[in-house]
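The structure appears right after this line, and notes come after that.
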Amino acid sequence: MKVLVLALAVAIVAPEFNPGQTYVYKYEGSLLGGLPEEGLARAGVKIKSKVLIRREADNFIRLKFESPEIFEYSGIWPKDAFMPATKLTSALSAQLLTPIKFEYANGVVGKVYAPAAVSETVVNLYRGILDIFQMNIKKTQNVYDLQELGVQGVCKTQYTVRDDSKAERIYLTKSKDLNMCQEQIMKDLSLEYAEKCVECEKAKTLKGASSFNYVLKPETNSAKILQATVREIFEFSLFNIMNQAAQMESKLNLTFVELNNTPVELLRAEYLERGSLQYKFSNELQQTPFQLLKREDTRQIEDLLNHLVTSNIAKVHEEAPLKFLQLIQMLREAKYEQILALWNQYKDKQDYRHWILSAIPSIRQHNSLRFFKDKYLANEISAAALVGPLMVSIQWVKAMILILSFKFNQEPILRTAIRLGYGTLVRKYCQENPACPAELVKPANDGLTEFVERREYDEVISLLKLLGNAAHPASRKSIQKLLPGFGNAAANLPLKVHIEALLALKNIAKKEPKLVQETAMQVFMDRDLHPELRMVAAMVLFETKLPMGLVISLADSIVKERQMQISSFVYSYMKSMTKSSAPDYASVAAACNVAIRILSPRLERLSYRYSRALYFDSYSDPWMIGASASAYYINDVASVLPKTIVAKARTYLAGASTDIVEFGVRTEGIQEAMLKIRDIPNNEQRLNKMKMIMKALSQWRAEPSSQPLASVSVKILGQEVGFASLDKTIVDQVMEVMYLNHCLLLNNTLISALNALESGFSRHFVQPLLIAEIGRALPTAFGLPMELSLYTAAVASASLELQAGVSPRPADNFHVSQLLMSDINVRAAFMPSVSAHTYAVMGVNTAFIKAAVVAKANAYTITPAKIESRLDMIKGNFKLQLLPVQGIDKIAFGQLETFAVAKDMEDIRITPLVPVETGSRSASSEILPAEHDHRMQEEKLGPKDFTRKMCAQSLTYGIKACAQVQSRNASYIKVTLLINCISAVGPAIERIEIDVQVGEKAAEKIIKVIHSNEEEEILEDKNVLMKLKKILVPGLKNNTSSSSSSSSSSSSSSSSSSKKPNKMLEFMGIQTWTSGRQSSNSSSSSSSSSQSSSSSSMRQTHSYVIMGEIELSFIPLHFQAKYLANSVAPSMTVLVRAIRTDHKMQGYQIVAYVDKVSNRVQVILANLTEDNQWRVCADGVILSKHKLMAKVAWGIECKQYKTEVIAETGIFDQKLAARLKFAWDKIPKGLEQSIKRMEKVKSVSKQIKVMVAIVSDNTLNVNLQTPKVHTYPPVFSLCTCAIVSECIVRNDDVTSFNRKSFSHEKPHLCGQILAQDCTPDVKFIVLERKDQATEQREITVKISDILIEIYPKSVGVGVRINGKEIDTSLPYHHEQGFFIEIKSKEQGIIILAPKFGLQEVFYDGSTIKVVDWMRGLTCGLCGRADGEPKQEFRTPSKRVSVDSTSYAHSWVLGGESCRDASQCLMKLESVKLEKQVNLEGQNSKCYSVDRVLRCLPGCMPVRTTSVRIGFHCVPAADSLSSIHEKSSDLIESAEAHLACRCTAQCS
C-alpha cells in the first residue's frame, strides 16, 4: 500500500529543473509537406541540435541551441534524404546560438525574453521546444481534458498518465484537437470579405491534431523528462472527398543526454519581453512565392522595370506576370525613400510610370496610401488618375484606420473614392478586432444629420454608401432615422435617399440580421409608401436569410397586396428560391416551398413588364463548390426601361462564400429625356435629328426639377467601389464639346484625325494586375508557420497599328459626306494578348526558411489580326483582305504542374511531384529554369496517362488548328493544353480576300458562272405539272361530292368548303384556309359560314384569313427562270477566297439577283474550286403584301437537300396574327436524327409551324405545331413598348388610363378633375363641368400659365384662351411658342401639348391622352396610369375607395358661395354615421374618414345617391379631431348630394 501511494504521489508531480545544473538534450525537429502517398515529392525543413537548459538564481530558465544544423528537403519521400542547408545555417547561426530565457513553474511556461537581434522566426523555433515542457498536471486524476495554452493557442487537450513503478517511469500522453480551440492562432490574408458557411462544411477543409508522448523519471518533488516525442498532422482539402488531402507533418524528438555544470551565458544585450508561449507572426504572408525570385536590391528593380517595359510592347511576354510579382515583392522590401527615388527617376517616362503605379497598390503597406497622398498634393498625379490605384490600395492594405486628410473638396470623384475607401478600412479593421469602437463611424453618423438639415442630399447618399461599406452596427440607428416611420425628418426626404438608406443596411444585416429584418419588414408592410421603396425593402429582406415565420408573413401580405408590381416581385423571388441547392439557403428554400402554396398561381402568369426578383444557384456537396446569381429589376407601367436593375454573383468554395461582384443601375431621368424626343420625324436628315436631340437635351437641362439621367454603382467583394450619376454637369461638358457653334464635329478635328491616319497611327496598351493574393498561416508544433496561399497575376496587352489613305484628298474645309464619295484604303494590325500565372503554395514561407509544395498554372493567349480593306463608294465596291501574321504559331497555351521546392538562401532545389526515372533533380536559379521543362519533355518522364491531339483544318483557306492535351494524373500531376494555328497541307496561301461589289459592276466580279440545263428544267416542269394534277383533281371531286350531298346547295357548299378548302387554292395561296382544334371556350368563329355549320358541334373552327388580294404563285415564276442569271443582271457579288501562290481559284462566291418585276430575290453560293459542283441556292419571293415564301436547296448542284419557309400575316380568331411555316423535302441525316431525338418519335412529319396572334397591346397568343406536338399554349404577356395612356369619359361612364371601366353620377355644375399632373410642377390640369339640366359639358384645360376653355355654342363649340375667344379658323398655335396646338378633329376640338405631358384632349367624347413619361405621375378621375388596377380608386387623400361614386366625388372641386346658382352648390365634408354602433363592447359614434359631397349651408338636396365609405369610431363620450388622418373601422353607406337648391337667405 505504501508503494502504491508513493507511485500516485510521484505521478502527479510536474517536471522541474534544478538550479545550478545544465540539462543537455538532443533535439531533432522536422516539418514536411506534400501528398500522403509514398513515392511522391515532398518539401520540408529539419533542425538538429543539442539543447541546453539551465535554471539560475534569478528563477529564470535559460535555453540555448548548441551546434545547430539546418537541413532542407526537396525530394521523393522516403527515398531521398535531407540535404544540409549550409548557407541558411550560416545565416541563422548567430541567432540560434543566442540564448533566451523564460518563466517556468509547475509545468507551465510563462513569459519569454530574448534580445531584439533575435528574429521572431527564431523565437518561434524556441517556442516549439518550450511547448514540449508545457504540462498542466492535475494531482487527483490520471485521465482528464482541459483547454491548454500552447503554440497554436488555447486548444482542447486530452491527458493520459500511466505509471510503471517497476521501471520507475511515468508515461504521459497529451493529445490536442486543433479544430477545437477557443483562441486559435492564425493569420488570414485577403479573407476579410469571405463569410463562413457553416452549412457548407460537411467535412472540415483544414483538420489538425497533435500528440505528445513523454517518458518521465520521478525524482524528489519533481520529475525529469527523459524523452519527448511530438507528432502533428494538418490535412487540407478544398473538397469533401476522403483520402485526397494534402498534409503537413511535424515531428519533434527531445532526448535527455546528461547533466553537467556548463553555464549558459546570456548576451550582454537587453532582453526584451517577446510574449508568451503563443506563436507570434512577423511578416509571413507578405512573401510572394519564394521560388520566383532571389533577394534583390534597388538596382535590380530598375533592371526588372526595363524588362517589363521593353518585353511587353508588341505582345505580352509569357513570363510577364511572374516578373510583375517579382516587382511587387521588391517594392514590399524596399524602404519608402527607395520607392520615392524610383518614382522620381521614372515619373516622366509614361511606360515606366504606368508599371510603377500598377505595382505600388499591391505592396499591401500603408506606404502605398502615403505615396499617393504625397504625389497628389505635389500635383504629380491627377485626381482622375489617382482614383483607380487608390481604390486598389485600400482593398489590399492591411486593416488599419487611416484617415486620408489631404484636400479633396474641389474633386468630387476623389472625395467619393476616399469615403468609400474609409468605409472599407473600417470594415476590415472591425473584422480583425471584434471590439470595434463606434467612434470610427461617429463622424459619418453626425454628417448625416448635418447634411439632412442642409438638404444636401448628394452628400447624404455619399455618407450612406460609406456606412454601408463599414457595416458597423453602431450606424444602424442613424441610418434608420432616414426611413419613413422611424424619424420625423424622413418624411421630407426624397425617394432616392430612402432607397440608399435601406441598401446601406444590407451589410449590417450580416452582423445583426434580426434587427435589420425588423426595420425592412416595417417598411415593406407600410402600404402607403412608394412601391419602389417597398420592393427595395423586400430585396434587403431576401439578403438576410429569412426565417420561416417572416417568409410566411411576406406571403400572407402578398395575398392582400393591391400593387401588382410588388406581388410579382416577391412571388418571383420565392418561386426561384424554391429550387435553391445552396446549403446556407436550405431553410429559406424550404420556407418558400411552403409559402408558394399560399399564393395564387395567377401570379406565375404575370408578364415581364412587372417587377421581378430572380435567383439561381448551383452547389456540389462533394466538391464543396458552388455559385449563385440573383437579379432584381424594379419596373412600373410607365417605364420604357426598368427603373432599377441590380445583379449580383456569389461563389462558394471550401466552406466559405463571397459576393464577387454586384452591379446596380437606376434609369431615373433617362426615360423622360428619351420619351421627350420621340416625336422626331423619321424622314428628317440625320444631322437635323442630332440637332433636335441636342435641343431636347438642352430643354431637359433647363428644367430646375430634372433628376439625373441615370446612376450606376459597382460592388466588388461586397464593397462599393464606385458610383456615378449622369447629371447636368456631365451633360453640360458633353454639350460644350459636341454642340459648339451648332456643329457636331469641327473641321479642324476631322483634318487632324485624317492627317494622323494617313501618316500612320499606332497605340499600345498594357495593364498588369494582381488578381488574387489570399492565404492563411497557422503555427505548427515545430515552431514554423504552415502557409496555404494562392497568388494570381495577369498582364494584358494590345497593340494597334492603323493607316488610311483617301483618294482624292479632300480640301481643308471638307464635310464628312465628302468621304462617302472617295476611295478609302485602310490597313490595320491588331494584336491582343494575355498571360496569367497562378501559384498555389502549401508549406513554410518565412523571410528565412522556405520549403513548400507548389502548384503552378499558367495560361497564355494571343489572337493577332492583320487586315487591309478598300471602300469605293462611287463604284460600289468593298474589299477586305485577311493577311497572314508571321511568327505566331501558338494562339493559346495552358499548363499546370506541381513540384516540391526548398530554398537554401540563394539556392533552390526543385523536384517534380512525380519522379523521373533518373531520380530527383535539383537546380539553383532565379526561377524554374527555361531548359527544365525542355529536358523533362525530352526525357522519359514515366507512364503517360492521357495524351491527345485534335486538329481541324480548312483546305479552302489553308488553315489548320490543333489542340493538344497532355495529362498526368494521380501519380503524375501535370496537365498541358496547347492550341496552335499552322498552315494546312497544300499550296501556300498568300492571303484571304473578301471582295464585295454592288451595282452595275457586280457582273464583272463573277468568277464562276452557274449554267442551267434546259433539258433538265423541262423534265422538272413535267414532273411538277403531274403533281399539280394529282392535287387538283381530288380537290374538285371533294367539292362536287360536298355540294351534291347537301339539302341546301349554297349553304352546304359553303360549309363544305370551309371545312375542306380547295387544295389547289390553298397551295396557290389565293384566299383562305382554316384550322380546327378542340376547345372548351364558348367564343364563336369570325366567319358566318363557320357559325352556321358549327352550331350543333362542340368543335370550334378558327379561320386564318390572308389579308390582301389574290397572290402570285411562286411555282410559275420558278418555271419561267430557274436561275435569274439568264434574265437579270446580278445586284451584288461577294468573293471570299484564298489567294494561292499557284494562282488557282480557291474559296466561295456569293451572287445575289433581284427581279423587281416579280419581287423575287435569288442568292447562289458556289465553291470556286474547279469541278466542284457543291452550292447553295436560296430563292425568295414576295407573293403579296402579307406573304413571303423562300426555298433553300444545297448540295451537289443544289439537289441533295431542300427546304421551304413561308411567312405570312393575317387574321386568326378575329385577331391580327403572323404565321411561319418551315417544311423540308430532304435534310441531312444528322439534323433529322436530332429532330427525332428532340421529339422522341420514330418518324418525323416534315414541317414545323408557329403562329403568333396579337391578343392585346401587350399580350401574344402563340400556337406551336411540331412533328409531335400541336399545342395552343395559354396566353402570356410580354414586355411592351410604352404606349400613350388613354382615358375616355362618355357621359357618366369612365374608362381610366389603366383601362378600368366604371360609372358614376356627376354632380350638377361642379367642376371635376379628370386628369392632373401630380408632380410638384403641375404641368397640366383637365377639368369637366356638366349641366345636368341641359346635359351640356364644358372642358377646362390649364397648361402652365395658359387657361383653355372649350364650351358648347348654338352651332359647334367655342374656344377661349385666358378668357379671350380665339378665331374659329383652326389649327391654332399659341403665340408664345409653348408647343400648344388646338385644331379640329372629326366633330370636335383637340388640344395637343405633349411637351407638357398632355398628349391630347379631345372634346367630343372627352378622350384624354397623356404621354409615356407622365405614366404613374397623374391623378384625377382617370387614375394614375400606373398599371395597377387594384389601386385605381385612389382619392386625393391617398386612400383607396371601395366605391366608384365615392371615388369620383373625391375629385370634385366644391363651391364656395351658395348665392350664384350657375356655380357648384356642394362641398366635400365628413359626415356622422346616423345609426348607433357598438364597437368592441362600447357604444361608439362614427365619422367618415372619406369626405362626402353635401350641399352648402342654407341649401337643400334636390337629387341624391348612396355611396359606401369608411368610418372611424370612438367611444361616445370621447372627442375626435383630425378625422381624415384616422383609420377606417367599418364600411357603411351614406347619402351624397348631386344637386341642390338654395334659399335667398343662404350664407
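Glycine is no exception: its Cβ is also placed from the backbone N, Cα and C atoms.
Looking up Cys181 in TrEMBL gives a disulphide bond to a cysteine among Cys155, Cys197, Cys200, identified as Cys155. Cβ neighbours within 10 Å of Cys200 (disulfide bond), excluding its own Cβ and spanning all shown chains: 22. Cβ environment of Cys197 (disulfide bond): Pro583, Asp584, Tyr652, Gly655, Ala656, Ser657 lie under 8 Å away, each six or more residues apart in the same chain. The sparsest Cβ neighbourhood within 10 Å, among the listed disulfide-bonded residues (Cys155, Cys181), is found at Cys181. The average pLDDT for the domain 'Vitellogenin' (17-645) in the predicted structure is 86. Reported as a whole number, the C-alpha separation between Cys155 (disulfide bond) and Cys200 (disulfide bond) equals 24 Å. The distance from the Cα of Cys181 (disulfide bond) to the Cα of Cys200 (disulfide bond) comes to 20 Å.
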